[in-house]
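Working notes, beginning with the structure itself.
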Amino acid sequence: MDLVRVASPEPGPAAAWGPNKCPWATPQNTISCSLSDVMSEQLAKELQLEEEAAAFPEVTVAEGPFITGENIDTSSDLMLAQMLQMEFDREYDAQLRREEKKFNGDSKVCISFENYRKVHPYEDSDSSEDEVDWQDTRDDPYRPAKPIPTPKKGFIGKGKDITTKHDEVVCGRKNTARMENFAPGFQVGDGIGMDLKLSNHVFNALKQHAYSEERRSARLHEKKEHSTAEKAVDPKTRLLMYKMVNSGMLETITGCISTGKESVVFHAYGGSMEDGKEDSKVIPTECAIKVFKTTLNEFKNRDKYIKDDFRFKDRFSKLNPRKIIRMWAEKEMHNLTRMQRAGIPCPTVVLLKKHILVMSFIGHDQVPAPKLKEVKLSSEEMKDAYYQTLHLMQQLYDECTLVHADLSEYNMLWHAGKVWLIDVSQSVEPTHPHGLEFLFRDCRNVSQFFQKGGVKEALGERELFNAVSGLNISADNEADFLAEIEALEKMNEDHVQKNGRKAASFLKDDGGPPILYDE
């Protein structure tokens, strides 16, 4: 095979500086290439492509009914969809404005549907001019007009058209505009479209009434916060009970077990009281929490039980009525301590925290012991309960120097075959100005209950009074009997006023549990 050679270019005319000199350097000789080598390389490349095609066959995708294309531009469709969505949102906002206008009507207080709008206000700036902008408040009829200022000279106009700052029309309109400054809850009416003018006398009376109503509502709100509901507690009491549980003194409070006129009783499981010493005070497994109600409705007519008690007479004050509730709780604590020392079956006091008294629970497994009014006893058990009650009354009068003052079948419990006395917050000493009257009332309640229960040995109210008090008052009827009791009370009161009597030192003698006051 012939070799193909590339001919070198023919030399040009000789340069002026020499026939054999080239200003672009000496040209290199080209390498000769055989035609057979070029054809061999091309054949090898074709064979390699055939082998690759056989090893990796081309995958064909079947054409579907959908439209396909390689160079389809979708940017214009996206813009068109956004424009259509914008128009839909504007139509929705226009409908929302109409609904808002219909919903508010002519009301002075308007409800805004702004949170339900689709289009942002700046996106809706190219709306038509004839469409009313819902946020335009330049001509808002609900906004009071700005009053015309009065110059320093005190009048406006000249000649007959002079208007001073004391003009009746100007002052009336200013007073009408000032009604907007009243409290939100005060109804001032709707004066849109009306030229209302209030005189100074009417405006001042209305202003004073608005302030009075605001103060009255504040007092009612404060009273509601400090009051105690029928079966609930106020926030302060709830916080005190929470602190008892949080400190570990009580494990948990299960619920309400009794509700009275002066207090609410809750059941709780006891824990332990840490007093900073090596040994901690043991609290009963089950406790009763007596919460004295902080409302004074039931205590207003019962102050005679505590204001004439010599133990609390010096501390009683009508100027601090809320502290009377604490004195009731403290009084019951000291009375229970006296009874406990005398061996009378009664709850054991654990702790006194302001108006909350924690005691031992009389019952079992959250079930309180039944009252004598509720329990069904046999004739022998009823007779035994009567003699126990008689002994408890004598023991309470002689050893504890107390009169229950509210003893009845509702304040006596039957538990483990014994009569238990509860609710002694109103108990007083026999030297109380009405102590003997309270004792006679207790004797009447006890005598009537056991006589109705079929106890033949039950004494009458007058015989029971003499048996408990040790007095031998002889009278044919009840009126004379009460007259002699009042005479004895009067004699005792005169003796006290003449000779004086010191308050009982119960703080040293009773040895009760700690009294906690958190001011």
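These residue numbers are counts, starting from 1, taken along the chain as shown.
Note: Cβ is positioned from N, Cα and C throughout, glycine not excepted.
Keep in mind the model is a prediction, meaning the values are calculated, not measured.
Annotated phosphoserine per Swiss-Prot: SER8, SER112, SER125, SER127, SER128, in sequence order, evidence recorded as similarity to another entry. Positions annotated as region 'Disordered' by Swiss-Prot: 122-159. The feature phosphotyrosine is assigned by Swiss-Prot to TYR122, with similarity to another entry given as support. The compositional bias 'Acidic residues' feature in Swiss-Prot is assigned to 124-134. Annotation comment: Swiss-Prot describes 251-519 as domain 'Protein kinase'. Feature annotation from Swiss-Prot assigns ATP binding site to ILE257, SER258, THR259, GLY260, LYS261, GLU262, SER263, VAL264, VAL265, LYS290. Annotated active site, proton acceptor per Swiss-Prot: ASP406, in sequence order.
Within the model, the domain 'Protein kinase' (251-519) carries an average pLDDT of 82. Counting only same-chain residues six or more apart in sequence, the Cβ atoms lying under 8 angstroms from the Cβ of SER263 (ATP binding site) belong to LYS290, VAL291, PHE292, LYS293, SER425.
Report note: the ATP site is defined by ILE257, SER258, THR259, GLY260, LYS261, GLU262, SER263, VAL264, VAL265, LYS290, and the residues of the same chain whose CB lies within 8 Å of the CB centroid of those residues, excluding them, are VAL291. Taking a C-beta cut-off of under 8 Å and a sequence gap of six or more, the residue listed as 'active site, proton acceptor' has these contacts in its own chain: ASP423, GLN426, SER427, PHE438, ASP442. In this structure the alpha carbons, written CA, of VAL265 (ATP binding site) and SER112 (phosphoserine) are 50 Å apart.
There are 9 other Cβ atoms within 10 Å of the Cβ belonging to LYS261 (ATP binding site). ILE257 (ATP binding site) sits 50 Å from SER112 (phosphoserine), counting Cα to Cα. Secondary structure from DSSP puts SER112 (phosphoserine) in coil. Looking at the residues that bind ATP per the record, ILE257, SER258, THR259, GLY260, LYS261, GLU262, SER263, VAL264, VAL265, LYS290, the two CA atoms farthest apart are separated by 14 Å. Just so you know, the Cβ of THR259 (ATP binding site) picks up 11 other Cβ atoms within 10 Å once every protein chain is counted.
Residue density at VAL265 (ATP binding site): 19 other Cβ atoms are found within 10 A of its Cβ, drawing on all protein chains shown. Here the recorded positions are SER112, ILE257, and the one ringed by the most other CB atoms within 10 angstroms is ILE257. Annotated pair SER112 (phosphoserine) and THR259 (ATP binding site), C-alpha to C-alpha distance, rounded: 48 Å.
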